[in-house]
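Student: Heads up, here are the entries from TrEMBL:
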TRANSMEM  131-152  transmembrane segment
TRANSMEM  239-261  transmembrane segment
TRANSMEM  267-289  transmembrane segment
TRANSMEM  301-327  transmembrane segment
TRANSMEM  370-394  transmembrane segment
TRANSMEM  441-462  transmembrane segment
TRANSMEM  469-489  transmembrane segment
TRANSMEM  535-552  transmembrane segment
TRANSMEM  564-582  transmembrane segment
TRANSMEM  588-609  transmembrane segment
Amino acid sequence: MEDKNDIRETRLQKERELLKKLEPTNYTLDFPDCSRSLEIVTEVQTFPVKFFIHLPERYPFQSPKVSLSVSDKLTSLTEFYDDENILEHVLGESWIPVINLSSVIEKLVHYAHHSYKARGKSLLAEIFSMYWKWSIIIVVLLALLVRVAMIAQPHSGYDNHPKYGDYEAQRHWMEITTNLSPDKWYKDSAENDLEYWGLDYPPLTAWHSWFLGSVSSMIEPESMVLGESRGYLTSSHKLFMRLSVILGDLFAFIPAVFMFFKMYYRYLSGGIKYSAIILIFLSPPLLLIDNGHFQYNSIMLGFSLWAVVLVYYDYLGLSAVVLALALNFKQMALYYVLPFGCIWMAKAWKRARHQSMRFQPNIRWGIMAAEIILTLSNIIGCGIITTIIIWIPWIGSISDITQVISRIFPLQRGIFEDKVATFWCVSSIFIKYKELFPTNLLAMLSALLTLAASLPFLVLLFKRKPINLSFLHALSGVSLSFFLFSYHVHEKTILIPLLPFSLLSVIDTPELFRFYVLLGTFSMYPLMIKDGLRFAYFCLSMVFYIMAGDVIKTLNYFQDRKGHNLTLWYIGIILIHLMEFIEPPQQYPYLFDTIIAAYSFLGFLYIWIFTLKSHYQIKGDSDPRYHLENRLRKKAKMS
């Protein structure tokens, strides 16, 4: 024990002598002879930043305690909740005894000069910084306010007799599910004409419709009368329908986004974090489709995001349960399945390797294999059991299961409908696929092309660290590959790849985040015309463009970067909008819609290439705790 005490005292004395010899130019140091506490003061843009370092008795075998005092005129992208995080963040690694005080001081000062800037560059960030205790409430209220404002807007198929649109489809599913037994929900009959908005989503959507229909029949019974309520629309029932979408946001989507940011961007300053969150909530595509056109996509997206959060926390079985809920709510959640399968395998491998280290080398591989099989069996079993519970009314009959699946995956509808920004629709200008190839062959070709486009992201998911950052890239790239190349894609499906890319890029590449969101909105413009949502389209797009610009300016200011110049892309969107005032030739009545689809496809392809390049270039510590810190320190060259 005495030897260790001597080592510690000798080390401290040498450190003290070394610090006395230093001649700092950009900071002052106060380290009294009989003290274990240091004070370092530096100035950033004439404002003081103070670091207080306390050396514990067991130093250097125990890490120093660092606290921070910053002028209220300065702000940073990072924010700490306890003193230990400061040192860990600045060093980029856990404390080890070979690190000396002079290098710690140098990095702390370097960090201060590259991380702190004068306030006043972002209105949103300043508001959330000033009222940080109320930030969550402000964000939620603002998100709800915009959604409530959408209640009065037109919806899909408004006053469009006899089939109306998606609004009537959702109401009709409530009517069917509350009046018929579950085994009849997907079957064609006199009571359930599948040609009139027959159910074509998985059973969890049907159960959701049953629940809402039960509530609706209590509040307004005439809205759910079987066969007699087609096209039913009153102001009170429309309010009920609109509020049901907002409640879906509150139940699934909004909490999932908050939880993701708390986990993934845990050291991000509150002002920037809540500014980014409000941009996610005010994303025009989701607002226009769910709260305008009328659908419940936010529930599926919320379930999917909860699955991502659970994977990050290593609750793999629970993540499978929640992903199964997403898949059974909307089949488009299949866009996420391949990356989830890969990260489950990667985490099962990591867990098995850790467990096997306790055993002798000659049996280690056998233990690893058994552990991997058990982990994957648990994950798959959780997903299957969840699905079986949801499918109980249909699992007793093969014909019933087949009928439900045929409704969920309608190959007979063709490889695309309308003008959508996919490879098949855009290239059909030159190659008439529907005339040249049978449906089954087109389905196979689209599956192969989708897998080929997804494969690079799946390979990189295993090869690039940190795996959590790699996983988000894979979700973005694979889901976009499905949108661009898979079979029978709707324009609304852009919401699926847009979510993971938004979460990935809102901080790292905010210019591309804004462009992707607005391009996705633009790609749906023909649908907005059809639904009478032009006014909402332009208002939401302009508000989003301005608010995102405020955040972009702040992030670029802090990280001393110019960002991506996407002016030409925006000019192209404006010019195409102006073409709406030009009458198309009679032989090309859908020229305007086709140009929008082709231009949007090129933009999405640009995003796909960027995502792949960004995924390939990932280099970081294998410990996922440090990947955000490494990116934020990159400009300061402290990695």
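Just so you know, glycine gets a Cβ as well, placed from its N, Cα and C.
On a predicted model such as this, the values are computed, not experimentally measured, just so you know.
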Student: Given a Cβ distance threshold of under 8 angstroms, which distant residues of the chain, six or more beyond its ends, lie next to the transmembrane segment (131-152)?
Tutor: 238-239, 242-243, 245-246, 249-250, 254, 258, 270-271, 274, 277-278, 281-282, 287, 291-292, 536, 540
Student: Given a Cβ distance threshold of under 8 angstroms, which distant residues of the chain, six or more beyond its ends, lie next to the transmembrane segment (564-582)?
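Tutor: Tertiary neighbours of the transmembrane segment (564-582) are 509, 511-512, 515, 518-519, 522, 525, 592, 595-596, 599, 603.
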Student: Return the stretch with the most CB pairs under 8 A relative to the transmembrane segment (469-489), choosing among 239-261, 370-394, 588-609.
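Tutor: Selected stretch: 588-609, with the most Cβ pairs under 8 Å.
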Student: By Cβ distance under 8 Å, which residues at least 6 away from the ends of the transmembrane segment (239-261) in the same chain are close to it?
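Tutor: For the transmembrane segment (239-261), the sequence-distant neighbours (Cβ-Cβ under 8 Å, at least 6 residues beyond its ends) are 136, 140, 143-144, 147-148, 150-151, 167, 170-171, 212, 215-216, 219-220, 268, 273, 276-277, 280-281, 290-291, 294-296, 298-299, 301-303, 305-306, 308-309, 503.
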Student: By a Cβ-Cβ criterion of under 8 Å, what residues six or more beyond either terminus of the transmembrane segment (588-609) are in contact with it?
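Tutor: Those are 418-423, 425-426, 429, 453, 477, 480-481, 483-484, 494, 501, 512, 515-516, 519-520, 522-523, 525-526, 569, 572-573, 576, 579-580, in sequence order.
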